[in-house]
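Copied over from Swiss-Prot, here are the features:
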- 6-26: transmembrane segment (TRANSMEM)
- 49-69: transmembrane segment (TRANSMEM)
- 89-109: transmembrane segment (TRANSMEM)
- 117-137: transmembrane segment (TRANSMEM)
- 167-187: transmembrane segment (TRANSMEM)
- 192-212: transmembrane segment (TRANSMEM)
- 227-247: transmembrane segment (TRANSMEM)
- 259-279: transmembrane segment (TRANSMEM)
Amino acid sequence: MQTAQYIIELLKAVFLGIVEGITEWLPISSTGHLILVNEFLNLRQSKDFIDMFNIVIQLGAILAVMVIYFKRLNPFQPGKTAREVQLTWQLWLKVVIACIPSAFFGLLLDDWMEAHLSNFFVVAIMLVVYGIAFIWIEDRNRRVEPKVTDLARMSYKTAFYIGLFQVLSIIPGTSRSGATILGGIIVGTSRSVAADFTFFLAIPTMFGYSGLKAVKYFIDGNTLTGGQAAILLVASVTAFLVSLFVIRFLMNYIKKHDFTVFGKYRIVLGIIVLFYGAVKLIFG
């Protein structure tokens, strides 16, 4: 690949990292957006690499959670009281419990989902369906007080239920954060508790999923060139830096606002994607 072309590929990686850093945490589907953006940016790489790339760059976004919440998530943090250490371990146990459903169904259905549901029409439908769900749930939520307003008081059973909602995010266009935040609100948590738990749940979930994708990539006989590694690294670092801002933005945003605006965005985007997919199918 010529130098000019390679620089363009790196610039594309930066843009994709920005998209990942924004959409991983907002309930609007990061994978769905990456699939769409790749249509227009068209990374000059193999399909196997792009499929792996779309998942593995999420590690950069996940690292941002670990940096922002390091003290809260670290049971060995100096200065923590015995009670705080206990609560930290309990939090991690809740995260592990919530991971069980998606780990089971993810391993079972990942290949089938990728083969049959990674297309414009599925992404469009999921964008619209969950957009409507967010608007409806938030409208209902105005008349219902949340039962859980403190993550420390969230039960293990509630954590498991949220984990069941995370299974829905296996379908492209759903949004992992969208499914778990929506699930948290449905089972009675406040928006802030649902968002916090979504961030923490992302750590083992996305590390596991990214690792699975990377392993499959190499098992299928693919290799990673130095240029591809650089593209992956640039996108991941960009996703990390953007995520640092977006996570803080979202936590401040939900103190005064609900998720209705994201529901409306999903519906509009879903209609656009559906139209684009139809045009592409008809005219090629």
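Here, residue 1 is simply the first one shown, and the rest follow in order.
Glycine is treated like the rest: Cβ placed from N, Cα and C.
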Message: Out of 49-69, 227-247, 259-279, what stretch is closest in contact terms to the transmembrane segment (117-137), meaning most Cβ pairs under 8 angstroms?
response: 259-279
Folded-back contacts onto the transmembrane segment (49-69), same chain, C-beta under 8 angstroms, at least six residues removed: 16-17, 20-21, 24-25, 30-31, 34-35, 38, 43, 114, 199-200, 202-203, 206-207, 209-210, 213-214, 216-217, 222, 224, 228, 231-232, 235-244, 247-248
Which of 89-109, 167-187, 227-247, 259-279 contacts the transmembrane segment (6-26) most, counting Cβ pairs under 8 Å: 227-247
Task: Compare 89-109, 167-187, 227-247 by their Cβ pairs under 8 Å to the transmembrane segment (259-279) and return the stretch that comes out on top.
output: 167-187
